[in-house]
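Positions annotated as transmembrane segment by TrEMBL: 473-498, 510-532, 544-571, 583-605, 625-650, 662-684, 696-719. The domain 'G-protein coupled receptors family 3 profile' annotation in TrEMBL covers 473-734.
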Amino acid sequence: MNETLLRIQVMIYAIEEINNSSLLPNVKLGYEIYDTCLDVSFALRSTLKLMEKTDDKLIGCADEKDNITSTKNIKAVIGEWLSEISIAVARLLALNLTPQISYAATSQILSRKEKFPSFLRTTPSDLIQARAITELVKSMNWTAVGIFGSEDDYGKYGSEQLNDNFKNDDVCVEFKIVLPADFEKNNATLSTVLDKIQNSYTEAIVIFTHEHNVRRIFEGAIKRGIRKTWIASDAWSTSKNISKMPNIQKVGRVIGVIIERNKVPGFDDYLVHLASKKNFNSTFLYEYLTNYSMCVGLSSQNPNGCLSSGSVKNCVDAQCLQNMYKQDESYEPHSIYLAVKVIAQALKNLLKCNNETCENTNTFQAWELLEEIKQVNISVTNDSYLTFNKNGDPTVGYDIFDWEINEKGVNLVVFGTYESDRIHLNKIDNETDDMVTPPAMECKSCGDHEYSNDNKTGCVTKTNKYLEWNDPFSIILVSFGSIGIVLTLMVLVLFAVYRTTPIVKATGKYICFVALLALLGCFCSVMLFPGLPSNVSCMAGLPLFAISFTICVSCVLANLLQIFAGFAFKLNFGNWIKRLNKPAAVVMACSSVQIVLCILWLTLYPPQQRENNRHVREILIECHVVSVGFFIGTLAYIAFLAALCFLFAFKGKQLPDLYKNASFITISMLIYLVVWMIFIPVYVNMSGVYKRAIEATAILMSSYSLLTCYFGPKCYIILWKSQLNEEKAITEHVRQHYNNKRVSTVTS
């Protein structure tokens, strides 16, 4: 409550100081103060009241008592203290871009301008604090630490950032524990936490959470006689509730990190003046002070009698508020003072004020003030200035200090600073308390192929992960690939036996055998995808399919050109088609382009085996496609040939086609195009064991589309519709086709 009273008075003092100066001539700043009661729901209700801009009742924590109304014209908001509440409020204020400046919310989430565009703060984010703590640990030459966080935005993200920093800087994290929301009441969790601390060999323990959790841990540590070196985050490093705990000296050494602290200029005199009896205009203030033991008049021998008499004002010590402020070790009063100064300076720039008048007297929108606030540059001390970066975070550093515990209490002895990404220590005393890491338990970094066990006492070799042969997905792929090989061989034998029949000749004579051999290569390429990847299998898999399938599609295209040449009666069109009616040349020309592409691919940027070490306990062995451009280029070329086949087949529906060749080719090419259009974006964005399985699946679907749609109907006719596999059947079908076409023309 004392801290809250001081923070309120700092804001009022800063506003009155501005109103009594020439900074904003003919402009007076007003204010409304709402108590959030450390509750998100109360904070949201208060924020909605502010945004209504209509007459409203004042909101209290429990009851709406005073029927006080005011005409609201809110242009900026200062607060809140907690990150969780600031996040909730910032989401609402972002709707109309009302500037919000927090004096204590440090969560790094609030730096995301895409989510919180109108949020700024006069205190750095936890990202900077985590970096400061990391540099402190490194400067102390400590190699093993423990981390405590909590299930809130402050503790969760702060502890995660610390954990990442320590790992990147080769500092061993023996444990990271996120305290549950009910930690204060959960004795079982407390016992587990204390056991972990007592049995640990860390050189220091970072507690990145709020003071109520710290108090619970320290109470247990004092009872068990646990002495450690503790690193305090800014949420509790200057807390009187912690430093004044009974037997606090028994917990060991405490090193604190706090934002640079500066006294508010002139605030001491303001507090003395405020507490003097002739300035008691606030009923709330003097009632609070007279019930606070530190403020009861020291000259009164009977304070209780003094308070019960009619002369209450005579009971207040005029120095009590000043003493309260002097004992306050936090950075927050000065941060609040800076927040008000920032808004005032932005207003001065927006209204174009000089010492006598303001040129711009027109009304303005909140977002206009926000833009000016982003550009503010004000003096903090004689040699430091406050500006905001693009994330709305200030250029403010940290003090690093020791808790010097004696009989009178705790003194904060600053021995270093952190600013501009650098740490400066006046002395380096890296001695930890009695329980330090023994030589046998020296913390060492695990190798690239290892990870630390659960107890952090040794390294465990990572397991290699890849698409194993006994994986169900592999079994399915190999089964369908084998079936495809067998079916292709059967079709090859069948076509060889019936090679003199019309249907085999209509499929392109000898080029159908080339297509079947190429299709055999497609099915065989699937066998290269399961199992442990090697440089050979990585280089062979995709290029083998690309070349084989290109040859197959080229044969289909050559066959379509043969059909068109046979029925092209238009002179110009017919001559052009007949010049292309050279199946061998078409197949060789189309295939050679793909072969050259694959040779360049394998020469310049060959796919190769790679160990993906990003997972904690596994090494993913995968084929790394170095050049995605060549990979997509080979597939795009096949897609180009498939599109040509699709167009010719679609046009060919008008020709006499006894075997429905054009229709089935259209379906086959369409399947290929759809499969690979879906596959490419999935493949590029996918990672893991089954990435190669997805490739093999796409290859199987493409291969089966040709086998079933192009060769399947022909096999059906050979085996079960032999009457259609005769020259007279074809001649009769062609004659009827053109007779029907001629009749249709006459009747139309």
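Glycine residues also receive a Cβ, built from the backbone N, Cα and C atoms like all the rest.
Annotations in TrEMBL come from automatic prediction, not curation.
Against the transmembrane segment (473-498), stretch 510-532 shows more Cβ pairs under 8 Å than any other of 510-532, 583-605, 625-650, 662-684, 696-719.
Remote same-chain partners of the transmembrane segment (696-719), defined as residues 6 or more beyond its termini with a Cβ less than 8 Å from a stretch Cβ, comprise 477, 480-481, 484, 487-488, 491, 494-495, 498, 501, 503-504, 507, 512, 515-516, 519, 522-523, 525-526, 529-530, 545, 549, 552-553, 556, 659-661, 664-665, 667-668, 671-672, 675-676, 679, 725. Averaged across the domain 'G-protein coupled receptors family 3 profile' (473-734), the predicted model reaches a pLDDT of 82.
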